[in-house]
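Contents: one structure, followed by commentary.
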Amino acid sequence: MPSATALCPPRPHLFLSPWTSRVLSLHPQSSQLKRALTLSPPFRRGSSAVATGKKPNLVSPEPVSQTPDDETGAVRERVERLDLGWLPAFPHVFTASMTNFLFGYHIGVMNGPIQAIAQELGFDGNSFIEGLVVSIFIAGAFIGSISSSALIDKLGCRRTLQIDTIPLILGAILSAQAHSVDEMLLGRFLVGLGIGVNTVLVPIYISEVSPTKYRGSLGTTSQIGTCLGIIASLCLGISSEGDPHWWRAMLYLASVPAFILLFGMRFAVESPRWLCKVGRVADAKKVIGSIWSDSDIERSIEEIQAVITNDSRDLGSSWVELFVEPHKRVAFIGGSLFILQQFSGINGVLYFSSLTFHDVGITNGALGSLFVGITNFAGALCALYLMDKQGRLRLLTGSYLGMAISMLIIVCVINSPIDEELSHNLSILGTIMAGLCFPFFFLVMVCCYCYFQ
């Protein structure tokens with residue numbers, strides 16, 4: 001039976017605040033009334049506080065402490081605001097980008113100690129052999145890159161990355177133990193074979209295991225890994241100035257990231273696209289559910305199968321179709337950008353900056369090269385930040401213009417009889433400018449590739 005209070009609720013009391021003109025309607029036994037009665041100061045009718053309308057000095061109440069449930073809810077709300085959709089795929093992307101670290105390491109590993117190697121192996125003063133030892137791994141990379149597609153289609157990305165560590169490890173050890181030019185060239189060539197396969201494979205793997213929303217951002221890890229590898233090798237190269245045999249330890253250390261890659265890929269996932277292509281749809285669903293989202297499984301599988309169907313229709317296509325419309329213009333522009341990038345002069349900077357510094361009279365060329373590597377990394381971070389703000393075309397144009405100016409400065413410094421101190425400063429300026437401008441181009445191209453995969 002309802003109580004009398006429920007049937008006849010008490011009328012609210014009108015409460016006039018002594019220091020405001022508001023009339024508060026307070027219900028008996030309500031929290032509002034209890035708080036007002038608790039916080040209202042004791043005063044007598046006709047007191048000075050009431051007469052003057054001044055607010056009496058009150059001791060502010062203690063803040064109401066949150067319950068554990070409220071704190072848990074607030075923490076959960078803050079966590080939900082964080083966008084962590086990239087996190088499940090990041091360990092797999094990070095492991096694969098170890099190959100780019102190796103690529104950068106082998107780019108800069110010969111920069112500092114090339115003169116010590118030449119003296120010990122007996123080709124000191126032979127510029128042709130010096131250039132061949134430094135750059136022959138690029139020739140191996142060319143052969144590895146054109147043969148990578150067959151390995152990927154047959155073995156998949158994960159197994160190909162594991163097998164590819166074999167020439168990387170053997171080449172590094174053979175180069176470190178070399179006692180003749182032929183052994184050094186063979187070791188560097190083997191390293192190039194592994195690097196060539198990886199430069200094609202890693203962007204494909206990263207784009208296929210990354211969620212679509214984060215594909216472009218995760219694709220930048222390849223260029224960042226390359227920059228860090230260059231910095232690591234140039235930093236170690238400083239010790240070669242005082243130890244003529246330090247280059248062997250540097251080459252031995254090149255095998256460590258390859259071993260990490262070999263064992264790390266055992267725990268990495270396979271490309272969902274390749275799994276669908278070979279008919280392992282159930283495995284592809286497990287991969288998508290573990291690194292993307294359970295809600296994306298069916299939609300992602302449908303998209304992947306649609307892409308595979310479209311690719312199968314193009315099996316009868318030939319390379320000639322790239323030279324006719326509508327592919328002619330796109331293929332020409334894309335190919336020209338990569339070709340011009342190789343002729344921009346960055347290879348001379350990254351491979352021979354120490355010799356360039358020595359030619360203009362700078363004694364510690366390895367330390368100067370380290371600053372070039374750090375600048376190269378800073379340029380990559382700037383390009384990553386500005387890419388979506390300034391657009392790809394503007395960054396590409398500025399990158400080429402900066403490279404052209406830096407190369408012009410270096411050539412003028414080497415060939416012009418100018419003041420020695422000015423020559424030092426200009427050579428450093430031109431070399432650092434080249435290291436700063438190049439990542440803008442390369443990072444834009446890599447991100448475009450990963451985004452449109």
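We count from 1, first residue shown onward.
Heads up, the Cβ atoms here are built off N, Cα and C, so glycines get one too.
What you are looking at is a predicted structure, and each value in this text was computed from that prediction instead of being measured.
Positions annotated as region 'Disordered' by TrEMBL: 44-73. The transmembrane segment annotation in TrEMBL covers 86-108, 128-152, 185-206, 245-265, 330-353, 365-386, 398-416, 428-452. For 92-453, the entry in TrEMBL reads domain 'Major facilitator superfamily (MFS) profile'.
Of the two recorded stretches, the transmembrane segment (185-206) does not lie close to the transmembrane segment (365-386), with fewer than three CB pairs under 8 Å once pairs fewer than 6 apart in sequence are set aside. Using a cut-off of 8 Å between Cβ atoms, the transmembrane segment (86-108) and the transmembrane segment (245-265) share at least three residue pairs, counting only pairs 6 or more apart in sequence.
Per-residue confidence over the domain 'Major facilitator superfamily (MFS) profile' (92-453) averages out at a pLDDT of 83.
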